[in-house]
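What TrEMBL says about this one:
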type: BINDING; residues: A:Cys81, A:Cys85, A:His171; note: Cu cation binding site
type: DISULFID; residues: A:Cys81-A:Cys85; note: disulfide bond
type: DOMAIN; residues: A:43-209; note: domain 'Thioredoxin'
Amino acid sequence: MINNKHNRLAMIVVLMFGAILLFVGTDGFKAFTVEKARINKLMEENPVFPEVTIEDSKERVYPFSAFEGKYVMLTFIYTACTDVCPELEMNLYEVYRSIPEKYIGEDIVFLSISFDPTRDNPATLEKYRQYFNSDGETWRMARIPNQTELDNLLNEFGVIVIPDQNGHFQHNSAFYLVDPNGILVEVMDYTEVEAAADKVTSILTTEVGE
Amino acid sequence: MKQAIYGLVLYIFLMLPPVVTLAESVMAIHMHMQMPLFVVAGFLMAPFFQKRFPNFFAKWNSNGVPGIILFMIIVLYWLLPRTMDEALTIPAVEIFKFISLPFLAGIPLRDSWKKLGSLGKNIIYVSLSVLFGVMAWLYIASPTQLCNNYLIVEQKTLGWGFVFLALAIMIYFIQTLFIDKSEYE
């Protein structure tokens, strides 16, 4: 029966190893996908929006700090995208519509940033914004012409963009909310439009007031 | 011993950078070919280790249960969408994949399988096919991208791969219940 004892001990060791492996591998059973892990980490770290110069669909060029004092609701897109981005932008439009009008433009600005600056010039963005009823003012579409600045931002906000051979990109998507000080405060599931709209509205109501 | 050499050759082949890049470029190949082949490499290399350390296996895995549990844990770990993604982006996870699949899944599987009784084997058949069935449902039905490195369409392909895998194991299991192999030997 000596063998039995060894077997039992081996089993305990194996089970403990398994529990630790799965615990560590999923951040304590909280994140089974990389995307979830990324969002959890972002919400803990609250990175600051780095200083970048953006150029919008109206050919205006300004630093991101021009939005200081306002919340900024962000998405990252490229206009040649045929699957996720249109859905992302449609959903952003739904959120835009659901937020009380008095806050729009005053306390919150919507901004869709293209990570394909070579193709998404102001003219392309101008056309693209019209597909989603964006007014180009309170919901702007813009590119970051400087690749270094763009990469830095994507890196800070954990946006993974992988170009493929056909001029398309593999990328992850979410709604990002940056507070009036330029700090990332919320990363929201872009498929849950209502939850995102409720969250943004409640933040505006508490922070800005009725 | 020849087998162990084939296993080693397969193992080295699978770790060649161009082979790794190719195998990981398609989600279904990554999950349904590269990973199982690493297990197969370990499976083939097992006799070498069994001969080298006979006492170790006899002492710690005499009834095959610890080994098969270790095998199942490693399989479960690599079924998570997250680990597959991280294998592509974090080198340490990739190295862990190269080590864990052959040495912590392939070798224990071979050592344990002969020691398990028919009940133990049946439990493994059923739990593997149920597990793969669940993974099939997860990868086919998920409306969102589970892995940042792969497209949704690839995810669905992977899910269908799991359907066939689960069915194949189930069919094999059912035939073992009706067919007495010793009659044909």
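Cβ atoms here come from the backbone N, Cα and C positions, even for glycine.
A map of TrEMBL features onto the structure.
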residue: A:Cys81; record: Cu cation binding site; Cβ within 10 Å: 19
residue: A:Cys85; record: Cu cation binding site; Cβ within 10 Å: 21
residue: A:His171; record: Cu cation binding site; Cβ within 10 Å: 22
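For the domain 'Thioredoxin' (A:43-209), the mean pLDDT of the prediction comes to 91. Under DSSP, A:Cys81 (Cu cation binding site) is assigned to coil, being neither helix nor strand in the three-state scheme.
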